[in-house]
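These notes are about the structure you will find just below.
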Amino acid sequence: MPFTLGQRWISDTESELGLGTVVAVDARTVTLLFPSTGENRLYARSDSPVTRVMFNPGDTITSHDGWQMQVEEVKEENGLLTYIGTRLDTEESGVALREVFLDSKLVFSKPQDRLFAGQIDRMDRFALRYRARKYSSEQFRMPYSGLRGQRTSLIPHQLNIAHDVGRRHAPRVLLADEVGLGKTIEAGMILHQQLLSGAAERVLIIVPETLQHQWLVEMLRRFNLRFALFDDERYAEAQHDAYNPFDTEQLVICSLDFARRSKQRLEHLCEAEWDLLVVDEAHHLVWSEDAPSREYQAIEQLAEHVPGVLLLTATPEQLGMESHFARLRLLDPNRFHDFAQFVEEQKNYRPVADAVAMLLAGNKLSNDELNMLGEMIGEQDIEPLLQAANSDSEDAQSARQELVSMLMDRHGTSRVLFRNTRNGVKGFPKRELHTIKLPLPTQYQTAIKVSGIMGARKSAEDRARDMLYPERIYQEFEGDNATWWNFDPRVEWLMGYLTSHRSQKVLVICAKAATALQLEQVLREREGIRAAVFHEGMSIIERDRAAAWFAEEDTGAQVLLCSEIGSEGRNFQFASHMVMFDLPFNPDLLEQRIGRLDRIGQAHDIQIHVPYLEKTAQSVLVRWYHEGLDAFEHTCPTGRTIYDSVYNDLINYLASPDQTEGFDDLIKNCREQHEALKAQLEQGRDRLLEIHSNGGEKAQALAESIEEQDDDTNLIAFAMNLFDIIGINQDDRGDNMIVLTPSDHMLVPDFPGLSEDGITITFDREVALAREDTQFITWEHPLIRNGLDLILSGDTGSSTISLLKNKALPVGTLLVELIYVVEAQAPKQLQLNRFLPPTPVRMLLDKNGNNLAAQVEFETFNRQLNAVNRHTGSKLVNAVQQDVHAILQLGEAQIEKSARALIDAARNEADEKLSAELSRLEALRAVNPNIRDDELTAIESNRQQVMESLDQAGWRLDALRLIVVTHQ
């Protein structure tokens, strides 16, 4: 190579050194100084891995003083280059810049510049980059984006609600499904969609203190959303980092008590510019027109500042009309401002719901019902549809469905309220109770007697709580190490049950973590029973491991011993046997326990075993739950109401279980209340609202479509290729699981989402649902999205060179493969990717500009090519640089037509869809006041901004590959 002092070269292997200067040359070696790092490199002259940096007319270059110029002419004298052109800052023409004064921090970003500078990538990286562009573009266009990536079962009614609400601008809705139907999952799906699409960036979740960790776990494990938990300590720490502590995190969970306890804290929350507010257990916010509670006022204040609000609450029938109105008032105070008016409106919807029930049942409608439907829908040309619906023709069924859809659009609160019931959703198992009455040991009898004497001054409630857990009373007197399990008949029964059901997975729940730990030791030491423990003292990772061990079919734990708090938010529906070693204090906790197994997707009837000690509070409570509330074998929406109404009497019976006079009457009264309330709830069911919330056949089709997308083999092939190139080790564990661990040769030292210890992944939804320590990989998983971002945001794979062995073509024939990207720049919240995601356009040009891409498919062509090492590649590029420049100009001339066609198609699609949505809502606004003005304004503004952004769309060269034909 001819080297001259002052020439500028770039290292082929260490491009991060920047532009080097030749500072010494002798017969065998050359020394380069790299000013940007201050380092020297000594190379052999004969075969050094460096490339001469030469710019061409039209290029923009930067001087070491920082000014830029457009090159118009290049002169060479004694091996040194001088660039002549126009300065961009002063517009002075004829400026000369010698190459020695070029900026040393030079970075080649354009693919062609990287190619000509010898920065040649491996061939497989070019292929990965193109696939990443292609798949990324396709995923943005896929229907149901944002609904495919969560680790949940594909349950139609949940998907229906999430699909409807998740696409709205700043949704403000009430999620009021019955217990066990997945309100938390619905909220998570909505958040996931909004965050993924860019419609929301900052989210605040407010929950009761006891549910904070449940939400934290659910959001992380199911949706890969990493929330920060704010309590007093975290809030105080964050005050050192920002004026508003809540500005330090994008996704925050805090308790309602934490939010309302301090005026300054509430002000900080209101000022933090959240996009979405989620409030769980919203039915506990007490409201009346005269005296709203402090908790209600705190949420009301927040709801005024946050555009999107999701309230999770009990069903409207459980709440009562006034309480239900109070929730709706938080969502839209302008619409729901008068309780009396609201009551009147609700009465008016009853005949509509009845008519819908008749439509669905296929019954003929009377003239009065037809007239009422016509008035309710309010369309001028509705008469033919009504007649068709009431006829015996083949079109009758579709006409009835269309009428139901129109009614749902216009129905009072159907846009702000979603409510599913177990009656309306299929797929729940039966629950069968098995009570085991056991004698009270003398040791407990003595301890209870002494406790009664010593605790005479305790309140009835405290005594009742003590009496539920006799082993704790015994330990109070004998010490924490007292071996109560040696004589407690529940332990003997449990061991006998487990040894006779070795093949069954059994979930055992008890109130206290200490009880769970002691039981595990006894089961292991006495019977060799494999038991995992799960309690609040364990970290999330430790709980995951315990849950995963329990989930393993052959070598896993037979038993999972859970404490009350530790099991919150975890579902184990692969098991169907539950043992309640003791009983919880209220019916909500009882339902929460059973809810660990009683979920949609449970394949077997649930066997609930309750071993209880006679003459204790347990014997009182088991009868009250079963005979008074029927709470074991059926969900009990009336439980809390009845519990509150008989609380004092119940406490007294629990505190003094030997005094049972009148207890039978209490049970009888509770059962009567339960039946009456249940009938009242059933009567108050709103069938129209249920149909809207459930989604019917449309929701079923949605679930089936996502299930089909789960089988995308392209994802697996792409992910493995991506992990290989990033440098992530992959170890097949079997059972559709792979362990990923970082290697020493990764593209980046710390890859987001991959810990030092590694992670276990699966592409199988069922495996992910059964094993909580396994991450479910989809196109929406952060690991894939971070990988795509790593490849596409940098220059990985943007320039390469390959050899094509083909004797049908002359040796030395050149082909240039160009990957252009057509894109538009816009704020993320406009969700422009729905219409024009960054879209690759592939061209394969010969020296005459003939585009062969349509005839030569990428993957087929890629398999015919051979790699070239970087050093040889640099020599080839230098030899054909002028020819490549000419082909690039031909490509630039051709891309405009293809790009314009894509942009025009995107404009037409955006205009059609956004205008249609606006027109639909404007028409409905006349008959349904629940369509908010700000929603209409936002859609119109969004449409205008989208169209303006698409008008500014352009294209750029993203990657290129030089192909040289050889016969060897």
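Cβ atoms are placed via backbone N, Cα and C, with glycine included.
Keep in mind it's a predicted model, so treat the numbers as computed, not measured.
Among the ranges 280-283, 536-539, 584-587, 712-715, the stretch that Swiss-Prot annotates as motif 'DEAH box' is 280-283. Around GLU178 (ATP binding site), a 10 Å sphere centred on its CB holds 20 further CB atoms from the protein chains shown. Considering other CB atoms within 10 Å as the measure, the emptiest surroundings among the binding-site residues VAL179, LEU181 are those of VAL179. Secondary structure of the motif 'DEAH box' (280-283), assigned with DSSP and counted as helix (H, G, I), strand (E, B) and coil, comes to 2 helix, 0 strand, 2 coil.
Proximity of distant same-chain residues to the motif 'DEAH box' (280-283), defined by a Cβ-Cβ separation under 8 Å and at least 6 residues beyond the stretch ends, is recorded for 174, 183-184, 187, 205-208, 211, 215, 299, 311-314, 318-319, 323, 327, 330. Taking the binding-site residues GLY180, GLY182 in turn, the residue surrounded by the fewest other Cβ atoms inside 10 Å of its Cβ turns out to be GLY180. Under DSSP, LYS183 (ATP binding site) is assigned to a helix (H, G or I) in the three-state scheme. Averaged across the motif 'DEAH box' (280-283), pLDDT for the predicted model comes to 88. A sphere of 10 angstroms centred on the C-beta of ASP177 (ATP binding site) encloses 26 other C-beta atoms.
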